[in-house]
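Here is what Swiss-Prot says about this protein:
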- Asn172, Glu238: Mn(2+) binding site (BINDING)
- Ile175, Tyr176, Arg177, Arg189, Trp190, Leu191, Arg194, Gly195: prenylated FMN binding site (BINDING)
- Asp287: active site, proton donor (ACT_SITE)
Amino acid sequence: MKYSDLRDFIAQLESRELLKRIDYPVSPHLEMTVVSDKVLRSGGPALLFTNTPNYNMPVLTNLFGTVERVALGMGEESIVALREIGKLLAALKEPDPPKGFKDAFSKLPLLKQALNMAPKYVSGAECQTHVWEKDEVDLTLLPIQTCWPGDVAPLITWGLVTTRGPHQSRENMGIYRQQLLSKNKLIMRWLSHRGGALDYQAWQQEYPQERFPVAVTLGADPATILAAVTPVPDTLSEYAFAGLLRGQRTRLTRCIGNDLHVPASAEIVLEGYLEPGNEAPEGPYGDHTGYYNEVQSFPVFTVERITHRDKPIYHSTYTGRPPDEPAILGVALNEVFIPLLQKQFPEIVDFYLPPEGCSYRLAVVTIKKQYPGHAKRIMMAVWSFLRQFMYTKFVIVCDDDVDARNWQDVIWAMTTRMDPSRDTVMVENTPIDYLDFASPVSGLGSKMGMDATSKWPGETQREWGKPITMDEDVLNRVNSYWSLLGLK
């Protein structure tokens with residue numbers, strides 16, 4: 001599905017009956033979470049709350065509440081096509097050397113298409129139609145959700161944060177939640193390994209006394225949002241990748257108060273800065289783990305300016321015990337990850353991040369095993385190849401006769417092909433999600449790999465069991481007279 005901006009995407013979803021307008025008054029304080037959660041768990045549509053009490057702005061939720069809508073946001077019609085996007089990323093990340101002139105010529109369209117999707121810079125952008133500055137800046141006028149009863153304050157959840165480190169031309173995009181502190185202040189919660197945090201660390205080293213410019217986009221088009229959470233190779237900007245997904249170049253405009261760029265069609269943009277040394281305790285908040293997270297200090301984001309379109313739409317979500325919107329997004333992105341992994345490790349048959357494992361804390365991998373110890377190599381590969389799997393605590397490796405997405409298959413393999421002592425790998429003192437309160441130290445914990453493959457000589461001294469299967473000719477013979485047995 002091709003679209004130009006968020007509003008065009010909303011209109012097309014509505015025409016397909018994949019978006020529902022809610023005209024009944026629903027409060028962003030807790031009530032929207034209940035409605036959105038019930039609809040998401042039933043596989044229902046995206047929601048546009050048009051009557052938000054005490055606010056003059058509609059709220060969009062559940063935009064990516066089904067895998068189908070994630071695929072549509074990536075310009076595709078089905079989840080199957082997301083594998084092709086993964087293959088595109090794999091080709092751009094590590095292109096194969098051409099096998100000859102004909103092969104080199106066939107690769108030119110892909111390269112040309114990527115180069116032609118460089119962002120287009122414009123002035124007079126829609127997102128700057130209205131400007132709030134100085135005393136006009138008031139974040140409390142935005143219908144920011146309070147998602148759970150124990151949340152300390154309203155929380156921006158779909159903020160697309162743009163930063164740039166010193167001496168860098170490429171801008172970084174990331175999704176970081178932001179706690180409302182006051183009319184012009186938010187807390188920027190980003191983990192130390194994320195792009196925005198790394199830019200800020202580099203800035204503080206280079207300019208220890210100077211303010212760090214930041215821009216936050218609320219209500220970008222889906223392709224730009226999805227590009228920010230996809231493992232785009234360093235050779236391609238997120239904006240160029242968004243253009244590839246959308247089928248047209250991303251239109252960017254320069255912020256009014258700094259030299260960062262934001263999507264021209266964005267609904268709302270927050271411009272401001274981080275002051276070195278200015279931090280505040282963030283949380284607690286209900287999170288995607290299904291628990292409230294502990295309180296930690298993060299930088300304070302001072303908002304100097306708010307710009308927006310005519311009649312802006314506020315884009316929001318909630319996070320909680322799966323399934324939630326990030327979990328659905330994780331299921332879709334799982335399909336994008338597979339070709340990236342297979343490019344580097346062709347023996348991988350399937351890779352699955354179960355949503356009930358918070359979409360990243362547990363991975364099941366099936367492989368065509370080729371030698372003793374092969375499963376352990378794959379464990380290390382998962383933990384190290386893509387930064388998205390840095391926090392994956394458990395990796396289960398099975399043979400390719402096992403369905404990675406069927407727990408009955410996986411549990412059967414674990415209980416029949418594993419010896420707990422021989423086939424379990426423990427790695428201590430590794431990076432762990434700060435939200436993982438089960439780890440003994442915040443941000444540092446252990447990982448477990450489980451080898452549920454059949455064992456080869458060198459891995460066992462015993463004769464290995466042969467799986468039970470029925471003869472094919474017997475199956476065919478019984479199937480031929482099955483309808484005569486009076487059985488369903």
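Here the Cβ of each residue, glycine as well, is placed from N, Cα and C on the backbone.
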Candidate with sparsest Cβ neighbourhood (10 Å radius) among Tyr176, Trp190, the listed binding-site residues: Trp190
Neighbour-count leader, CB within 10 A, recorded positions: Glu238, Asp287: Glu238
Beyond the site residues Ile175, Tyr176, Arg177, Arg189, Trp190, Leu191, Arg194, Gly195: chain residues whose C-beta lies within 8 Å of the centroid, for prenylated FMN: Val161, Gly174, Met188, Gly196, Ala197
Cα-Cα distance linking the residue listed as 'active site, proton donor' and Ile175 (prenylated FMN binding site), given in Å to the nearest integer: 15
Minimum Cα separation from Gly195 (prenylated FMN binding site), reported as the residue among recorded positions Asn172, Glu238, Asp287 that achieves it: Asn172
Separation of alpha carbons, Arg194 (prenylated FMN binding site) and Glu238 (Mn(2+) binding site) (Å): 15
Local backbone state of Ile175 (prenylated FMN binding site), from DSSP in three classes: strand
Neighbouring C-beta atoms (10 Å sphere around the C-beta of Asn172 (Mn(2+) binding site)): 19
Distance [Cα-Cα, Å, rounded] between Arg189 (prenylated FMN binding site) and the residue listed as 'active site, proton donor': 13
Cα separation, Asn172 (Mn(2+) binding site) to Trp190 (prenylated FMN binding site) (Å, whole number): 13
Among Leu191, Arg194, Asp287, which are recorded as recorded positions, the nearest neighbour of Asn172 (Mn(2+) binding site) by Cα: Arg194
Nearest of the binding-site residues (Tyr176, Arg177, Leu191, Arg194) to Asp287 (active site, proton donor) - Cα to Cα: Arg177
Diameter of the prenylated FMN binding set by C-alpha atoms, the set being Ile175, Tyr176, Arg177, Arg189, Trp190, Leu191, Arg194, Gly195, in angstrom: 14
Which listed residue (Arg189, Arg194) has most other Cβ within 10 Å, given these are binding-site residues: Arg189
For Leu191 (prenylated FMN binding site): intrachain residues, at least 6 apart, with Cβ closer than 8 Å: Ala197, Asp433, Tyr434
